[in-house]
């Protein structure tokens, strides 16, 4: 089951929320656990046993570490056991096929018989719940969180369905208080609904439309330069709107249940370096890699070479986390290489006048990386790169023109306009003015009894009227009814509601809605 499906929207979610708010507070975590297991079992019931087994094992390891004491030798042995078992489970189900296939390519080239391994099905979400389990037992070992004795709460944390299939990567220490007690308000629920609708529109209205365009460009056997760049740019936008859309939906669903999850994206395509990009893209994963892998490797505590090595290895393994394919390994190495280069060159200390150039270079490096991330294999990636940098004809191939629709082109343009608008708004955003301009500050209408009160005082006749206070360009006070000041907000919400309704209709009508996270 996925969020962008009719069965989730019209059956699972309303039934769950109804039961959730009808139940008492003490039963809500148990209900959340049961609902999350139903959500997961909708895909495969048999893998639910593996899921539950990993959960119970890490709960037990956490208790053993907690009993042994913070950072003791005994606790370290329990931690090593837990991490090794978790990685073995992840390695077997996610990487065994890849490892055997790679080994067979080598040994068959020497005339040897290949190994035979029955195809192993990848349990959905295993990368997320394995990483979250590992972070929990490491935090218990470090003393960052106490070992929980409540199996229901821990199992609900690992399985909580909003984040289960596409993130964010959560940490028990950040949510333990919310599992013990969380507030439920109408405002928080409404905020969650708004956030969910935003993500749904991103995924269904934009990402799904761009998916068909990107898929077609990457499938061309003889792409032109125009075809290749069109496909790369389409996938760049598709991946962001798909992934951030799922994160928005997860955060929104969490708010509906009283949780606040960490933000996962922060306008990554306005980044002026690869270093900044990883502070804005998939934040929950990048911070996990920093806190539990990069620091464990030594971070920047060793020599300069060791620091660069640790950066490179962290991103290499981060690439492998995304999928069992050489394309992901190379993509991770690509980012690791540029992180090391930027650190060596001191890119972040470059003059501000170079910021536009830094943005262009960073965006191109990210787009180039997405090509091999998207490619099914190295051959497809090479074909795309060859077309992109041969600088042949920029005209689209006849086959591509025949399949290209006006909706796809319009959605691609819309996607980049949205990225540009919100990116520039954040880039140039200044804090909202909370004090009167200088011209008004000297007028008789401003109280003079201290800095904190340097706000305009409403006339007597306005007392009791919930009017919004604004300033004209000259600094003169302008009083307007509260409903007028709310018009932009109301218009935005109405537009979002209409887009959400259109996206639901589109979902019902379309037969293609790719799920990008089956490899995670």
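Positions of Cβ are set from backbone N, Cα and C atoms, glycine also.
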Looking at 216-238, 239-261, 262-284, which one does Swiss-Prot call transmembrane segment?
239-261
Which number gives the other C-beta atoms within 10 angstroms of the C-beta of residue 322 (active site), all protein chains shown included?
19
In the same chain, who gets a Cβ under 8 Å from the transmembrane segment (39-61) while lying at least 6 residues past its ends?
1, 7, 12, 78-79, 81-82, 85-86, 89, 93, 121, 123-125, 129-130, 133-134, 136-137, 148, 151, 154-155, 158-159, 161, 164
Residues sitting near the transmembrane segment (78-100): Cβ under 8 Å, six or more positions beyond its termini, same chain?
50, 54, 57-58, 61-62, 64-65, 68, 115, 117, 119-123, 126-127, 130, 133-134, 137-138, 141, 320, 324-325
